């Protein structure tokens with residue numbers, strides 16, 4: 001039974017997880033090239049925003065225009081590096097859930113796993129819709145405003161003059177594509193970590209079901225003890241491997257919310273885009289808090 005199937009499809013789309021069916025050296029090489037392309041895409045966009053703040057910005061309004069989006073892109077880069085570094089650990093964590101004693105055996109246990117899998121997929125899908133709707137609103141608004149004036153969607157320092165038509169279109173769509181890829185990386189990383197947190201709750205529910213049946217099968221108490229210890233080991237491993245990512249996410253998301261609120265006070269033309277953007281940041285914080293609390297309650 002495959003777990004986190006939808007989340008892993010998102011990870012594959014943003015260059016962080018090689019499809020299991022791609023076993024040939026040529027396909028794996030192609031995917032590595034694709035991963036490098038995604039890395040260059042988001043890092044060049046983030047670097048151009050950072051250099052704009054360092055070299056060009058000279059007032060508070062220009063600073064806030066750029067800073068809140070640059071922070072989100074920095075987190076995207078950080079999350080991608082974290083996912084790439086932890087690919088082996090992610091595989092190890094999912095293998096624990098796929099093998100005994102965590103593997104569901106009876107029909108009731110399979111139904112518990114399916115219930116949590118459905119919840120994870122639904123939540124990830126809804127989160128992805130919110131994030132991509134935010135990107136779409138930004139892109140559409142920019143096409144009707146910035147594009148008509150031959151301006152970029154976001155402030156950026158570039159080592160070339162983009163006044164020519166070809167360079168302008170290249171730079172303009174590079175920003176929009178990078179924004180979209182960065183948003184997908186947020187969904188992939190958040191969906192993975194929150195999905196694994198929910199699977200801890202799933203394992204606790206399966207363990208609870210098995211403990212209720214110990215009266216009928218007392219010989220299974222040994223397996224229940226092993227599973228209980230493995231659940232705690234799984235939770236500690238998940239915390240150890242992703243605690244820096246989660247901490248960085250919280251710190252930056254809090255900063256972004258502050259700067260986004262400031263942006264809302266000084267502009268009405270971008271109220272919808274900025275409002276949706278802030279909703280995404282608040283949802284990120286909420287997901288980690290909610291599912292972390294669910295694990296503690298279990």
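Residue numbering: from 1, along the chain as shown.
Positions of Cβ are set from backbone N, Cα and C atoms, glycine also.
Keep in mind that TrEMBL annotations are predicted by a computer and have not been checked by a curator.
Annotated features, as they stand in TrEMBL:
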- 31-55: transmembrane segment (TRANSMEM)
- 67-85: transmembrane segment (TRANSMEM)
- 125-144: transmembrane segment (TRANSMEM)
- 176-202: transmembrane segment (TRANSMEM)
- 242-262: transmembrane segment (TRANSMEM)
- 274-291: transmembrane segment (TRANSMEM)
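Among the recorded stretches 31-55, 125-144, 176-202, 274-291, the one sharing the largest number of Cβ pairs closer than 8 Å with the transmembrane segment (67-85) is 176-202. Only pairs six or more apart in sequence are counted, and the transmembrane segment (125-144) with the transmembrane segment (31-55) gives fewer than three Cβ pairs under 8 Å, not enough to call it a contact.
Counting residues 6+ beyond its ends, the transmembrane segment (176-202) has Cβ neighbours under 8 Å at 3-4, 6-7, 10-11, 13-14, 16, 38, 41-42, 44-45, 69, 72-73, 75-77, 79-80, 82-83, 90, 93, 97, 112-113, 115-116, 119-120, 123-124, 127-128, 131-132, 134-135, 138-139, 142, 153-154, 231, 234-235, 238, 242, 245-246, 249, 280, 284, 287-288, 291-292, 294-295, 298 in the same chain. Long-range Cβ contacts of the transmembrane segment (31-55) within its own chain (Cβ-Cβ under 8 Å, at least 6 residues beyond either end) map to 14-16, 18-19, 22, 63, 66-67, 69-70, 73-74, 76-77, 80, 84, 154-158, 174-175, 177-179, 181-182, 185.
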